[in-house]
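Copied over from TrEMBL:
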- 1-12: compositional bias 'Pro residues' (COMPBIAS)
- 28-43: compositional bias 'Polar residues' (COMPBIAS)
- 44-58: compositional bias 'Low complexity' (COMPBIAS)
- 693-770: domain 'DYW' (DOMAIN)
- 1-62: region 'Disordered' (REGION)
- 169-203: repeat 'PPR' (REPEAT)
- 270-304: repeat 'PPR' (REPEAT)
- 371-405: repeat 'PPR' (REPEAT)
- 472-506: repeat 'PPR' (REPEAT)
Amino acid sequence: MASPPLPLPPLNPTSTTSSAKPEPPYKTPSSFSKIPSWVSLNPSSSSSSSSSSSSSSSLQSNQNRTGIVENLHLLSLSKQGRFREARQFVSFMDSSSIPVKTHFYESLFDSCGSWKSLQDGRFFHRHLLKRLGGRNPDGPLGDCLLKMYLDCSGLDEARKLFDEMPHRSLATWDIMISNLFASGHFTEAFVVFCEMRLEGFWPDSGIIASLLRACVDGLHIELGRQLHAYIIRSGLSHDDYMKAELVNMYVKCGFLDSSIRLFDHMEERSAATRTTLMVGYTRSGRLTDALALFRRLLSEGVELDQFVFSIALKVCCELKDDEIGRQIHGCIVKLGFDSDSSAGTPIVDFYVKFGMIDDAQKAFCRISDPNEVSWNAIMSGYSQCGRYEECIKMFEYLRNKETALGSSAYTILFQLASNLADSNSGYQLHADAVKRGLLSQLHGLSALVTMYSRLGNLIYAHRAFELIAEPDTVAWTAIIMGYAYHGKAFKALELFNRMISLGFEPNTISFIGILTACSHSGMVLEAREYLNSMNKVYGIKPTVDHYNCMIDVYCRAGHLKEAYEFIKSGSFEPDAMSWKILLGGCTTHQNVEIGEIAGENLLKMELKDAAAHVLLFNLYATVGKWAEAALVRKKMNERGIRKEVSSSWITVKGRVHRFTVGDKHHPIADKIYSKLDELDSAIKFSQSINCFNERMEQLLDHSERLATAFGLISVPFNCPILVFKNLRICKDCHSFVKLVSKVERREIILRDTSRFHHFKGGNCSCNDFW
C-alpha cells in the first residue's frame, strides 16, 4: 500500500496577492540578507511572526550582528557539498564585514575532505591565509587543514604544509602517516615515520598499527620485524590489540609460524584475529589446519561472521570434501546467514565447483538480494554444467531488469556464447558490452578475443585484439591460443615472437599455446626448443601440462617411441593424461606394443575411468584384435563403467539443437536422415567414390553427421555451418565431412576437444593431421 502524500503547508496570504515571482536564493549578494527564519537564534521569539520579525531586524544592521547565524549557514552549505554557494556566501560575509569564526574553518576543511573537493579546500585555505596575514595555521586547525589536503589527494600541498609547520604534535605526525598509508603511499609514509623518530617523537599504538598494516608482503618483513622489536621495547607487547596487528602483518608477509606463536600467547583472541589466522593457513596451503581451527572455533562457541564461513567453504573446495562443506552449509542456515549475499554466494560457488548445479540453484534462490558476484557465480555454474540455455535466460532477465552487470559477468557470457556455437549471441553480447562501456577494460577485450576464436571466427578475434591499445601478456596469449587451436602454427609463432620483441614476458599459458601450435603442425624440433627455453631463458618451470603437450607433439608426428622414452626420462611425474595421450597416439598409428604399456599404466591410475577403457578398446579394434577388445568391454560392464555419450550441437536462430548417436528425437529427424541418405548417394557417385567405404556408410548416424546434415538444411547457403562436439572427431567422420564440404560446396567448421577443423572444397585445415 502506497504511503499517503505529505500534507501541503498553508499558503502565505501575502504571496498569493503578489504577482512578482520570488527571486531564487543566492542569485545576487543582496539576497544573502534573506536567510530563512529557522536559522534565527533569538530565544525570546514565541511565534512565527515574532521570530520572522526578530530575524529580519537582527539582519538589518551589521553593527548588531554576532556572525553566528551566517557562520552556521556557511557550515550547513559546506556539509551539503554546496561549495559554489558557500564560496559566494563567504564573499557576501566579507563584503558585510562578518568574519568566519576560526573554529568554523575546521568544519569547512572537514567538509572539503569528506567531499574530496580539493579546489574548494584551496579556496578556504587562501581565505584563512588572508586572515592570518599569510601565515599557515598550526595546532588543531593546522591538523585539520593537513588532513583535508591528504583526503583530497593533494599530496604535494600536504607535504609542503607539513614541512612549513613550526610546531608538529604527535597528532600531526599521526595524521600524516595514517593518511599516507590509507592512500597507498607506503614509501612516503615510511620516510615521514623516520623523520618523526629523528625529531624525538615516540609513535603511539595508532601509528604503529598503521605501519604494520602497510607491511603487506614479504618485501616489508624487515620493517615489520623492526616494528615488532620496537613494540617489545616500548612495553606494548602485552597489548592484545598490538598482537592482533602483528598476527595480521606476519600472515600477509607469509610468515605463518610467527603469527601462530603470537596467536598462542594472546589472552583474548578476537574473531577477526582468528579469521586472519584461517586466511594464513589457507594461503600457505595448510588446508587441514585451517579446517581444524574452524572446528575449534565452533566447539568453543566463538561468534563467527559470514567471512569465516566463506573461507571454510573455500577450504572444502580445495580439499574436495563436499561432506564437510554440506555441514558448514547447515551451520550457515541455522545462523540465518544464507540469505545474505556475503555467505550465500560462497555456498553457490561451493556447489558449482562440485558440479551440483541444482543445489547451487537452491542456495542462490535463498539469497534475498543477490549482488553481481552472486549472479556471476550461478551463471558460471550453468555454463560449466552445459546448461547454456538457462544461463542465457538469466542474462536476458537481468538485462530486462536493467541490472548493472560488470565486465566479469560478460567474461562468463562470452565463454557461454563460444560453448553454444552461437555466433549471433556472441555478436549481441559484444554490442551490449560496448553499449555499457565495459570493453574499455583490458580483460574484457581479452575475453572477447577468446570468444571469437572459439566461435571459429579468427578474423573477428584478430580485430578484437587490435582494438586493445596496450595489450598485456594475457591479451597476447589469448590471440596466440586462438591461432594455435585453429592450426595456424606459423601465425601463432609469429605473434609469440612479436610479443617477446615488445618486451612482454610470456606466462605458462603462453607456452601451452605455442606447444599446441607445434603439435597441430608436426613441428617436433621447434616444440622441443620452446620447452627447453621455458626454464633456461624465461625462468618458468614447466608443469605436467607442458610436458603433456610435448608428448602430444611426439604422438601426432608418429614418434611413439620418443614419446614413451620422454615419459620414462624422469624429468617430470607423468599423470593419467600423459598415458592417455600416448595411448591415443598408439591407436592412431596402430602401435599395440607401446599402447598396451600405456593402457596398463593408465588403468593403474584411473581404474574406473571410462575414457581409459574406451581408448584401449579402440586400440584393439583398430588393429582387429576383437577378442581383446571384447575383454575390455566385459571389464567395463563388470566395473559398472559407462562410456561418455558422444554429442554434437549446432545453434540456429538462437536455439541449440543437440544430437547423439542414432538420435531420432529431433522434430525434423526424418528430413535429417533423408539428407544423410542423399549425401550418401552423392558421395558414392562423386569423383571421390574410391574414398567412400562400407564402414563410413555404417556410421551415418554419428552425432557430428546428424548435426552437419541439420546445418545443411537449416543454415543459409552463404553462411558457414558451425558444429561443436564434446569428444574428438573420429577418422571416418572427418573423411565424411570433408567429402560433404566438396559435394555440397559449403564451408563447415567443426570444433572438437582437440582443435578446430575448417572443411572446404573437400579439404580440412588440419591437413589430416590431428
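The count begins at 1 with the first shown residue.
Cβ atoms are placed via backbone N, Cα and C, with glycine included.
With a threshold of 8 Å between CB atoms, the same-chain residues lying at least 6 positions outside the repeat 'PPR' (472-506) that come near it are 442-443, 445-447, 449-450, 452-454, 456, 458, 461-462, 465, 512-514, 516-518, 520-521, 523, 526, 538, 540, 755-756, 758, 765-767, 770.
With DSSP states grouped into helix (H, G, I), strand (E, B) and coil, the repeat 'PPR' (472-506) comes out at 26 helix, 0 strand, 9 coil. Across the repeat 'PPR' (270-304), the DSSP tally of helix, strand and coil residues reads 26 helix, 0 strand, 9 coil.
Counting residues per DSSP class in helix, strand and coil order gives 26 helix, 0 strand, 9 coil for the repeat 'PPR' (371-405).
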